[in-house]
Amino acid sequence: MTPALLLLVLPLFLVLNACLNIFFVLRPKNIFSEVSLSVAVIVPLRNEEKNVAALISCLRKQRGVRELSFHFLDDNSSDDTYELVAAQILDDPRSMIYRGAELPNEWLGKPFALDQLVGSTSSQIVVMMDADVRLEEDAVARAIATMQENNLDFVSPYPKQVALSWSERLIQPLLQWSWMSTVPLKIAQRSSNPAFAVANGQFFIVRRESLLAIGGISSIKSEIIDDIALARNLLRGGFHGCVVDGSEIATCRMYSSWSQLREGYSKSLRVAFGGLSGSFLAIALLFVSGVLPFLVALTVPSLSAYGWIGYDAVVISRVLSAQATQGRIRDALLHPLAVVLLIFLIVRSWAMRGKTQWKGRVI
């Protein structure tokens, strides 16, 4: 491959795929009638006292679902999470809170909490969500209506990622961009190929019978990136589902500082690409598409035009992703810096293997 092609092929692929996905990404359907299926929202909680009030407030406002219940599990918190939730749901017969059992050796914390919560309800639809997610009043109903209209077994409405600090603004937009620019969503929506799995455990909705058919949450009991693993297992089981642009109906601020973001990604990035060889490949592709064109544009006069075209293409792919998911468009200009930081986080994740702690547990 000539140097010019090396600078252009990946960025042009990314921008072309993003252009197509603008038209093909599923968006929440407007609701015209109540969801008639029984629905349970399940929320695992570990040291989430700062999120309790806003979480319960947004759940109480949910409308458009005829039979809706809320199930919270306190996963051995060291703060006042249990007491705060219990006090706030006293007058709501739809809501229940449970104390989590001790974590078995072969399980990770979040999957075990989810497994206990799934066992606490017999509802036809299970809605898994994180405590830091905030929902619009019709979020659950619209997401389920979208799943039903498209004859899907699961959907993962991807919340708008709230990014305020410098590290958040660099890294968080890469989440939506990663699938908007690389995954052919039109194919993924009808395929059972696990290679097309895209999901976000912040907000994940699945038919109970489909979940139980693949062995339930126990099928992902030791998975660090449990959301993608669950989506892949569902697809392997012959079920259909996909990511949905959930930026209209849900928001989430995953991290509020560089230290939180650094530790959060350090626990998971080493397994995000399928192992060490996959991580090397991801780093190479990220560098060639996101950093190299910009460097060449600045330093190699004979290839400068190709470098700028490559840089412009990948920035446009970021702009398209931001437009589609209510992101901050101007941050796309800093894509090379964002990629350098992401590569650092991937390397750090491997360096910290077996040493990273998250909410008091070694991951």
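Backbone N, Cα and C atoms are what each Cβ position is placed from, and that goes for glycine too.
Curation plays no part in TrEMBL annotations; they are all automatic predictions.
Since the structure is predicted, the reported quantities are computational estimates derived from the model, not experimental observations.
Here the transmembrane segment (6-26) has long-range neighbours at 146, 150, 155, 177, 180-186, 189, 242-245, 285, 288-289, 292-293, 296, 303, 306-307, 309-311, 313-314, 316-317, 320-321, 323-324, meaning same-chain residues at least 6 beyond its ends whose C-beta is under 8 angstroms from one of its own. Marked as transmembrane segment by TrEMBL: 6-26 (among others).
Taken from TrEMBL, the feature domain 'Glycosyltransferase 2-like' covers 41-211.
Per TrEMBL, transmembrane segment is recorded for 271-297 (among others). Here the transmembrane segment (271-297) has Cβ contacts under 8 Å with residues 3, 6-7, 10-11, 14, 224-225, 303-304, 306-311, 314, 335-336, 338-340, 342-343, 346-347, 350 of the same chain, all six or more residues outside its ends.
Residues or ranges marked as transmembrane segment in TrEMBL: 332-351 (among others). Through the fold, the transmembrane segment (332-351) approaches residues 167, 169-171, 173-174, 262, 265-270, 272-273, 276, 279, 282-283, 286-287, 290-291, 294-295, 311, 314-315, 318-319, 322 of its own chain, all at least 6 residues removed from its boundaries and within a Cβ separation under 8 Å.
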